[in-house]
Amino acid sequence: MNENRLAIDILLLCISCGASALAGFSPTASSSLPATNLTDIGFAPPKYLTEAANIPKTRRKRYISQNDMLAILDYHNKVRGKVFPPASNMEYMVWDDTLAKTAEQWASTCIWEHGPRNLLRFLGQNLSVRTGRYRSILQLVKPWHDEVKDYSFPYPRDCNPRCPLKCYGPMCTHYTQMVWATSNKVGCAINTCHNMNVWGSVWKRATYLVCNYSPKGNWIGEAPYKVGVPCSMCPPSYGGSCSNNMCFPAVNSNYLHWFK
C-alpha cells in the first residue's frame with residue numbers, strides 16, 4: 001500500500017533482553033534492565049546536568065523542538081496525575097537535557113531496537129516510530145498511554161505479548177514506564193529516518209521517537225506506584241509540596257531549558 005496514504009505507528013517492546021512487540025498498528029517500545037547509579041558511566045547524579053544546555057545554539061543540533069518537548073512533558077504529567085487507583089507517591093516529571101542528549105544519539109542511528117545496550121542498564125526507554133503523514137508528536141506518545149486498557153493494577157497480569165519475530169497481543173510496559181512514580185525525569189528526541197528497517201520492512205521515510213527515563217521503572221514484581229491519598233507518601237526532599245496529585249519539586253519551570 002502507498003506509504004503516503006497509510007500512516008502506521010509502531011511501538012517496540014523490550015523486556016529484559018530485547019523482545020519486540022506489535023499491538024495492532026500501534027507499535028511502541030519499552031525497556032528496563034537492572035539499574036545502577038548514573039555516576040558509574042559518567043553521568044551526573046540526579047542534579048540535572050546543564051552543560052549541554054549552555055552550548056550556544058549555533059553549535060548544538062536539536063532533535064526536538066521546544067513545543068514538542070513541552071507537549072511530551074505535559075502529556076506525561078497529565079497521565080501521571082490522573083492514574084487510577086490514585087497514587088500516594090507519584091512524582092512530578094521534569095525534562096532532563098542529559099537524557100535528551102542520550103536519546104538524540106540513539107535516534108540518530110535510525111535503528112529500530114532499544115539501545116545503546118550499555119545505557120539500558122541505567123535508563124528506562126520507550127520507542128515509537130511512524131510512517132505516513134505526521135501531524136503531532138503526540139501521535140507517537142499517546143499509544144503508550146493507550147496500553148492502560150489492558151493493564152490491571154498493580155501487575156500487568158493481562159499483558160502477555162507473544163514474540164516470535166514480531167510481537168502480538170496486549171502489552172503494558174510503555175504505560176507503566178510513563179506512570180512509574182519514581183521515574184521523575186524524561187528526555188526525548190525525534191528524528192526523520194530514511195530507508196529505516198522496521199521488522200524486515202524498509203520504510204522510505206519514518207518519524208522515530210526515543211524517550212529515556214530516570215530513574216528507570218518497570219522493575220519485575222513491583223507496582224509502578226503506591227496506592228493512597230495523593231501526595232501522602234512523597235519523599236521528604238519534596239518538602240510536602242503537591243501539585244495536581246503529584247509530589248512537586250522546587251523548580252521554577254517544569255523543564256530544563258535546552259539553551260540558556
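Using N, Cα and C of the backbone, Cβ positions are placed for all residues, glycine too.
What Swiss-Prot records for 1-21 is signal peptide.
Swiss-Prot lists Asn37 (among others) with the feature N-linked glycosylation site, giving sequence analysis as the kind of evidence.
Annotation source Swiss-Prot lists domain 'SCP' at 73-213.
DSSP gives Asn126 (N-linked glycosylation site) a strand state. According to Swiss-Prot, the N-linked glycosylation site annotation covers Asn126 (among others).
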How many other Cβ atoms sit within 10 Å of the Cβ of Asn126 (N-linked glycosylation site)?
30
